[in-house]
Structure formats: structure tokens, C-alpha cells
Amino acid sequence: MSTATETPGSAAAAGKKKAPAGERVADWADGRLGIYSLAKANMRKIFPDHWSFMLGEVALYSFIIIILTGVYLTLFFHPSMGEIEYHGAYTPMHGVRMSEAYASTLDISFDVRGGLLVRQIHHWAALIFLAAMFVHMMRVFFTGAFRKPREVNWVFGFLLFVLGMFTGFTGYSLPDDLLSGTGIRFMEGAILSVPIVGTYISMFLFGGEFPGHDFIGRFYSAHILLLPGIMLGLLVAHLILVFYHKHTQFAGPGRTNKNVVGMPLLPVYMAKAGGFFFLVFGVIAAVSAMFTINPIWNIGPYRPDQVSTNAQPDWYMGFSEGLIRVMPGWEINLWGHTLVLGVAIPLIVIFPLVLVSIAMYPFIESWVTGDKREHHIADRPRNAPTRTGVGAAWIAWYFVLLVGGGNDLWATHFHLSINAITWFVRIAFFVVPVIVFIITKRICLGLQRRDRDKVLHGRETGTIKRLPHGEFVEIHEPLSQEQLHTLTAHEQYKPVELGEETDENGVQRKITRSQKMRAKLSKGYFSENGQIPKPTAEEYREIESGHGHH
Amino acid sequence: MSSETGPDENVSDENLPSEQEKAHGEVTGQDNPFADPGVPPHEHRIQDIDERAAKRSERTVAFLFTLSMLATVGFIASYVAFPVDKIIYVWPLGHVSALNLSLGLTLGVALFCIGAGAVHWARTLMSDEEMVDERHPVAAEPAVREKVISDFKQGAKESALGRRKLIRNTMFGAVALVPLSGVVLLRDLGPLPEDKLRHTAWSKGKLLVNENTNQPLRPEDIAVGSLAFARPEGLDHEDEDFNNEIAKAALMLVRLEPKDIKDKRELDWSHEGIVAFSKICTHVGCPVSLYEQQTHHVLCPCHQSTFDLSDGARVLFGPAGHPLPQLNISVNKDGYLEALGDFEEPVGPAFWERG
């Protein structure tokens with residue numbers, strides 16, 4: 001038998017039937033790229049099914065849509081701050097002095113057929129991209145899908161979110177309209193507040209004094225090349241890791257930490273995920289057909305001495321707008337220098353701090369639990385009450401800042417005093433996250449209790465039975481084994497103990513501050529106030545046998 | 001964050017769920033009522049057992065794909081048919097561009113139908129039998145780890161990097177220094193700040209030109225309670241640096257009753273109750289422009305900093321850190337308002353060197 005040395009080619013030459021054309025192309029590629037080994041692991045790769053796993057896909061697809069439409073827009077956009085007098089198709093602007101950037105954006109909107117549609121798809125997709133990343137991140141957070149081995153992928157995703165924010169900001173600044181110019185001015189004011197080097201950074205970024213003639217061109221290269229280039233790299237790494245780690249799955253019958261249950265990539269996910277791209281694209285195209293986004297022709301070109309009311313950034317920048325609006329205007333003048341705390345604290349201290357704390361969370365939690373095992377079963381949020389409380393508090397805090405960022409809109413729409421709203425946000429900034437944390441944790445514990453009752457006493461059927469002696473009882477129906485397993489599959493940690501103060505020889509042990517802190521956090525997470533003990537088999541059997549005597 | 005638990009941490013793994021629980025789901029047998037019953041048996045869909053239902057699904061998918069084709073034809077037809085400036089009324093959207101609406105809707109339908117067809121195909125006709133893949137630990141086996149570590153050590157040893165310290169240190173030095181060239185190249189991104197932020201286009205004797213009429217302002221042009229915006233004479237919209245200059249020089253004029261002016265310097269720098277303040281907010285530089293004539297308050301529409309123009313533009317509310325700078329004005333011999341000098345302090349947002 002010489003089959004071991006036979007190549008597909010020689011097999012064909014041996015007079016057997018010639019392989020189909022598709023296979024021969026694949027053979028050719030395999031001989032050069034080694035695609036068969038790659039396909040062996042991935043072609044029939046299993047993906048678990050859950051609606052929340054589509055959120056990341058929405059982000060991925062809107063990113064692709066942004067790149068496609070963005071390339072088209074570069075064909076018509078002039079990233080120049082050269083001043084011209086407008087004589088294009090939009091007559092209300094005739095004779096107005098404006099930058100070429102603004103004029104070419106008007107041309108895209110009014111002269112290029114379909115240009116407005118592509119512009120609007122680009123902008124809507126950007127808004128959806130950020131929203132999808134935000135919600136996807138929440139899904140990963142609340143289900144604990146960031147735990148080992150996925151911490152690095154969490155950081156990649158976090159970087160994509162932050163870079164997405166800045167790519168969006170540089171993007172909507174490019175048309176050089178009055179609104180976006182005001183946003184740039186805001187950014188310049190924030191840069192000036194940086195101690196010691198602020199004025200230098202500002203001069204270097206704008207090529208001199210604000211606004212200068214350079215920033216559109218510089219933002220353009222950051223927006224179309226630098227930032228998306230980095231994002232593309234991160235995105236590829238993110239997806240490779242998703243494939244490599246295999247997707248998390250929720251607990252259920254047959255689903256363990258050591259397997260993944262679902263449908264194969266070829267054909268089911270190929271069709272579903274591929275089809276979903278078209279669904280997302282189709283919906284965004286239809287939205288862009290019907291709903292105007294960023295009508296720069298109504299706003300006018302940028303002039304540093306003009307402004308419109310209701311000036312709002314795109315939604316994902318709203319929380320930084322809130323930070324800056326509610327911060328008291330603290331300024332310290334010492335030794336001929338000014339420390340602009342009113343701007344610097346919100347934008348160069350709190351803003352990065354909040355972002356970095358998101359990136360660090362997986363490492364903080366794994367330090368508290370001390371758990372170094374791999375986790376592939378996604379948590380139900382209720383089964384991690386402290387984590388869920390932290391996440392909900394963060395979201396509540398974010399929305400408080402969005403209210404602060406739109407305080408003028410709240411004031412005009414609800415006939416409220418802007419001062420009152422600002423003071424509300426200042427107080428809520430500290431109070432609301434705490435309240436939301438406590439409430440969320442209580443809700444989670446309540447849900448855990450309900451799960452426990454369901455396991456031990458069965459499902460409430462709603463059927464009332466009258467007993468012979470007149471008592472009314474509701475009939476509880478025992479759960480199936482699938483349900484029993486699903487509701488008890490989650491793990492529960494015990495709080496870490498610091499151990500004895502002295503070792504077996506009576507020598508004082510050294511307990512560091514970080515150990516004490518860890519023990520305290522662990523207690524908060526996993527003591528009886530942090531979780532409801534899940535029912536044990538003994539408890540279940542005891543009640544089961546008790547039923548007979550009832 | 002010394003994360004490896006062990007003797008050095010004084011804490012043990014006792015808080016972790018036990019081994020038995022970790023393997024939860026693999027413990028089978030009648031004794032555990034919560035044991036994993038395994039993947040439930042596959043339930044057939046109607047399409048799996050009834051060929052007529054499967055045919056119906058096939059037709060639905062084909063219909064969606066056909067609809068997509070028609071929509072693409074519609075897209076091309078709209079592109080040719082509608083002029084770019086045609087506006088139509090569509091309820092409830094209002095007056096919209098016919099081209100934008102038709103292109104977007106046809107494109108949307110063309111794309112959506114491909115997606116809907118593919119998903120329907122996957123859901124009704126492709127196998128929906130659940131399959132199981134095993135997972136393998138990400139970390140390598142100890143033997144592999146040993147091999148890699150020893151290979152690395154061998155490689156490091158062969159490079160003699162640890163032994164030949166001179167090479168190592170000079171290499172680190174060279175690699176650390178070379179990015180400096182890139183940093184130096186950034187120097188010409190812009191000029192040094194020097195005192196640029198301290199000066200504006202205003203100087204002694206410059207007339208106040210009305211932003212709306214482009215005529216020099218006279219005191220009688222400004223009625224009590226009204227607000228006017230001005231720029232320095234000689235600064236023209238066509239100027240190369242107009243935006244840079246107006247970003248600092250933009251001026252806001254208000255006429256108050258002199259008796260209402262509480263601040264002494266403000267009164268000294270005013271003319272017949274006309275006061276001139278920088279229009280650029282001292283917070284982050286938006287133009288303040290919302291004037292409330294009863295209270296003499298002016299509000300920045302960006303972040304709602306509120307200044308009292310009758311009291312030296314003191315900050316009443318909001319995130320601004322200091323008052324709007326005032327321009328000392330008077331009237332020249334021809335009866336026109338003129339500046340008596342530049343602003344005495346930098347206008348706009350505060351910065352480190354402001355002092």
C-alpha cells in the first residue's frame with residue numbers, strides 16, 4: 001500500500017475519477033496556504049445560540065458598513081480649511097463664505113446623486129456601532145463572559161469602544177459646521193486646562209491658534225487612517241480570540257464548562273450571521289432613507305464667534321458633556337499659574353478614570369475571587385448580585401451624566417429650572433449609583449430566592465385546590481430535571497478568610513493591607529448578604545420525602 | 001496584584017466551589033436530583049417531516065431573494081428617474097428628497113430581503129440538530145511549557161545577551177533613543193504658545209464695527225437693554241486669519257442704566273452705560289450670546305455658564321471659572337465708539353500660564 005505517499009494529484013493521475021473543479025481549486029490553495037488544517041478546526045465550529053450573542057455582531061456589521069460608506073465619502077470630501085464662497089446646488093447658502101470641507105459636504109448632500117444617502121448611512125451606522133458596542137459590553141459584563149480566559153479580549157473590546165468614540169468625534173467634526181466646530185472649541189478649551197503642557201498641545205494640534213487652518217486635514221488622517229487602522233487590527237484580534245476561546249454558553253442540559261453546544265458554522269451560522277449582516281445593513285439603509293441625521297445645511301459653516309442653542313454632541317460623547325456641565329468652575333491661581341480644576345477634573349481625571357476602571361474590572365474580580373479556573377458558562381446576572389449591582393450603578397451613573405449633558409433640553413422640554421437640573425445632577429452623581437447598586441443587589445437576591453423556591457417547591461401552577469378540611473392550597477408542579485439542573489448549575493464562592501492571626505507555632509502572621517481589602521471585598525460579594533445559598537440535593541430530597549406526609 | 005494564590009498570600013482556595021461542583025453536569029446517576037440529563041433529544045420541525053412544508057419554506061426564501069433583485073432594479077431606476085433636487089411630500093416624513101428616499105428604501109429592501117431569506121433558510125431548512133464540541137484548556141500541557149521555556153533559555157544563552165552586558169546595554173540605549181527622532185519631527189506641528197493667547201486684535205483707537213451692519217458703532221446705535229456684537233475695525237471676513245482673530249476679539253456690547261452698574265471698574269470702563277465684554281466664554285470658549293435684559297444676565301448656550309453684566313460679568317452659575325474680560329471703551333471725536341486698548345487679561349478659556 002503506497003497510499004501514504006500519494007498526493008491528491010497522483011491519486012487523480014492513477015486513473016481514478018478526476019476531482020470536481022471546486023476541490024481542485026481547494027487543493028491548489030491548500031498546497032500553498034494550508035487551508036485544510038484551518039478549515040478542519042473551524043468549518044464546522046459549533047456556536048451556541050442566544051439572542052444576546054447577536055449584539056456583538058451588530059457592532060461588527062455596522063463597522064463594516066462604516067468602512068464601505070466611508071471609502072465612498074472620501075472620493076468626494078475635501079479635507080481642507082481653505083475658504084471659498086459657495087455656489088453649489090443648495091441655494092440658501094449661495095455667497096456664504098465657508099471652508100472647502102463644509103462646501104464639499106454640501107456637495108455630497110445636494111450634488112452627488114445618492115451622496116446624501118451614503119452620508120446618512122455612514123452617520124447612522126456610526127451611532128449604531130457605538131450603541132451596539134455599548135450593549136455588547138454590558139452583555140459580556142453582566143454574564144461574566146469576561147472571566148478567564150477572556151480578560152484580554154475584554155480589554156481589546158474596551159479599546160475598540162474608546163477608539164470608536166474618538167473616531168466618531170473626529171468624524172462628525174470633519175464637515176466644519178457650526179455645531180461640530182463648537183465641539184472642537186470645547187475640546188480645545190479642555191486641552192488648554194491641562195496643567196503645564198496644555199497650551200503647547202493646543203498649539204501643536206491646531207498648528208497655531210484655534211481654529212487655524214490645519215485641524216480638518218489632521219483630523220481627517222486620524223479619522224480615515226490612523227484610528228480605523230488600529231481598530232481593524234484590534235477587531236481581527238478580537239474575532240480570532242472569539243474563535244480560539246470558543247463562545248460562552250448559558251447553563252442548560254448537556255451544556256458544561258468543557259463543551260459547547262449549538263449549531264455548526266457551515267451552514268447554519270454562515271447563513272444566519274451572513275444574513276444578519278444584510279439585515280443590519282438593510283435596516284440602516286432604510287433608516288437613512290427616512291430620517292435625516294446631522295443636517296449641516298441647517299446649521300451653517302463654523303465661525304468661532306457664533307453658536308446655536310441646543311448644542312449637543314453625538315450621544316456617546318454625552319456623558320463627558322454632562323461631566324463638564326455640572327462641574328463647579330473651580331480655578332486656582334498660584335505663583336502666576338492657573339490650575340483649571342473646573343475643566344481638568346472632569347475631562348482629564350474622571351473621564352479617563354471611568355474608562356480605565358471598566359478595562360480593569362475583570363482583573364479586579366478575579367483578584368477578589370482568587371479564581372484561576374477557566375469559565376465558559378455564562379452567569380445569569382442574578383447569580384452574581386454584586387457584579388450586577390456594580391454594572392447597574394455604572395449605567396445609572398452614565399445616564400445621570402447624560403441628563404447633565406442635555407440639561408438645557410430637559411429644561412426646555414419639561415419646563416424645569418436649568419439650575420435645579422444641574423444641582424440634581426451634582427447630587428445624583430454621588431447618590432444615584434449607590435441607590436441603584438443597593439436596589440439591584442436586592443432584586444438579584446430576590447430572584448435567587450425565587451429560583452430556590454422553584455427548585456425546592458416546584459412551579460406555581462395557578463391552580464387552587466380545596467382540601468377536604470376546607471383549606472385552599474395552590475398546586476405546585478415539580479420541575480423537570482432539565483429545569484432543576486439549569487437552576488442549580490451556577491457556582492457559588494465562599495468569602496475568603498484571612499485565617500488565624502498566628503500560625504501553628506504561635507508566631508504572628510503578617511496580613512497585608514491588600515489581603516484585608518480582598519477579604520472585605522470578598523465578603524461583600526459572597527457572604528450571606530451577597531448571595532442566597534443554592535438548594536442542595538439533601539434539601540431537595542428532604543422536601544420531596546416530606547410531601548408524602550403532607 | 002499578586003494573583004497566584006498560594007502560601008505567599010495567606011489565603012487558600014477554600015473559597016472556591018469544590019471539585020465536585022466544578023464537575024457539575026458530569027456527575028450522573030440517580031442520587032443527584034440536579035444531575036445534568038444531557039442534551040435533550042432533537043425535536044423535528046414541520047419542515048423535517050412534511051416535504052410540502054419544506055417546499056413552502058423554499059418558496060418563501062426564493063420569494064425574498066427575488067424581491068431583493070427587484071429592489072436593486074428599483075434602485076437603479078430611481079437613480080436614473082429622479083433628479084437630485086426633487087423634493088416630494090411623503091406622509092408622515094414631510095418634505096423629503098425623492099432620490100434619497102427611493103434610493104434608501106430600495107437599497108434597504110434589497111439588502112434586508114437577502115438577510116431575511118438567508119435567515120429563513122437557515123431556520124427552516126438547514127439541520128437544527130444541536131451538536132457538541134469539546135473544549136480544551138487554553139493553557140499548554142506541562143511538557144509543552146517545559147519545552148518552550150528551555151528553548152527560550154537555550155536561545156537566550158546562545159545570544160549571550162545576559163553575559164555580554166556591553167552589547168545589551170548599548171542595544172537598549174540605541175533602541176530607547178531612536179524614537180526620539182520621531183518625537184523631534186513633531187516639533188513643527190505648530191508654533192510655541194509664547195504670549196499669543198494674551199493678545200487680541202483690539203488696540204487703542206480701534207473702532208467697534210457692528211457685526212451685522214459692518215458699520216462703526218455710535219453710542220446712539222445701542223438702545224437701553226439691547227445687545228450688539230462687534231469686531232475691531234480692520235478685521236475683514238475675507239482675511240486669511242479672520243477666524244483666528246474673531247475667536248479672540250469677538251465683542252458683546254450692552255447698554256445698561258449707569259446707576260445699575262454695581263462694579264466700579266466696569267462703570268469706569270463704560271461709556272454712557274454701554275459696556276463691552278468679550279463674547280468668548282471663559283469656560284471652554286463658546287460664544288456667550290443669550291442675553292436677559294431684565295436681569296442683565298448673559299448665558300452661554302453650550303454649558304449654561306451665567307454672567308452678571310451689571311456686576312463685572314461675575315459668574316453667577318455654571319462651570320465657568322472667572323468673569324468675562326471687559327474692554328475699556330470710549331467715544332472718539334467723531335462720535336464713534338472706540339477701544340482704549342486691548343483686553344487687560346487673556347480672553348476665553350483659562351490655561352496654565354494665564355496666572
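Cβ coordinates are placed from backbone N, Cα and C, and glycine is handled just like the others.
No curator has checked TrEMBL annotations; they are predicted automatically.
Residues annotated as domain 'Cytochrome b/b6 N-terminal region profile' in TrEMBL: A:25-251. Taking the domain 'Cytochrome b/b6 N-terminal region profile' (A:25-251) as a whole, pLDDT averages 95 in the prediction.
Taken from TrEMBL, the feature transmembrane segment applies to A:58-77 (among others). Long-range contacts of the transmembrane segment (A:58-77) within the same chain, counting only residues at least 6 positions beyond its ends with a Cβ under 8 Å from a Cβ of the stretch, are 101, 104-105, 107-108, 112, 115, 118-119, 121-122, 125-126, 128-129, 132-133, 136, 174, 220, 224, 228, 231, 235, 239, 276-277, 280-281, 284.
Taken from TrEMBL, the feature transmembrane segment applies to A:123-142 (among others).
Residues or ranges marked as transmembrane segment in TrEMBL: A:154-174 (among others).
Residues annotated as transmembrane segment in TrEMBL: A:186-207 (among others). Tertiary proximity for the transmembrane segment (A:186-207) is limited to same-chain residues at least six positions away from its ends with a CB under 8 Å from its CB atoms, namely 169, 213-215, 218, 324, 337, 339-340, 342-344, 347-348.
Marked as transmembrane segment by TrEMBL: A:219-244 (among others).
Sequence annotations record features per position, and here TrEMBL assigns transmembrane segment to A:265-293 (among others).
What TrEMBL lists as transmembrane segment is A:339-364 (among others).
Under 8 Å from some Cβ of the transmembrane segment (A:384-403) lie the Cβ atoms of residues 138, 141-142, 144, 315, 318-323, 326, 358, 361, 365, 410, 421, 424-425, 428-429, 432-434, 436-438, 440-441, 444-445, 448, 524-525, 530-531, all in the same chain and six or more residues away from its ends. Here TrEMBL flags A:384-403 (among others) as transmembrane segment.
Look at TrEMBL and you will find A:423-444 (among others) tagged as transmembrane segment. Same-chain residues lying 6+ beyond the ends of the transmembrane segment (A:423-444) with a Cβ under 8 Å from its Cβ atoms: 322, 325-326, 328, 381-386, 388-390, 392-397, 400-401, 403-404, 407, 530.
Feature annotation from TrEMBL assigns region 'Disordered' to A:522-550.
According to TrEMBL, the compositional bias 'Basic and acidic residues' annotation covers A:536-550.
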Let's see if you can do this one: DSSP helix, strand and coil counts over the region 'Disordered' (A:522-550), in that order. 17 helix, 0 strand, 12 coil
Hey, which bits of the same chain come close to the transmembrane segment (A:339-364), Cβ under 8 Å, at least six residues off its ends? 137, 141, 146-147, 150-151, 154-155, 158-159, 162, 189-190, 192-195, 320, 323-324, 327-333, 390, 394
Winner by Cβ pairs under 8 Å against the transmembrane segment (A:154-174), considering only A:123-142, A:219-244, A:265-293: A:219-244
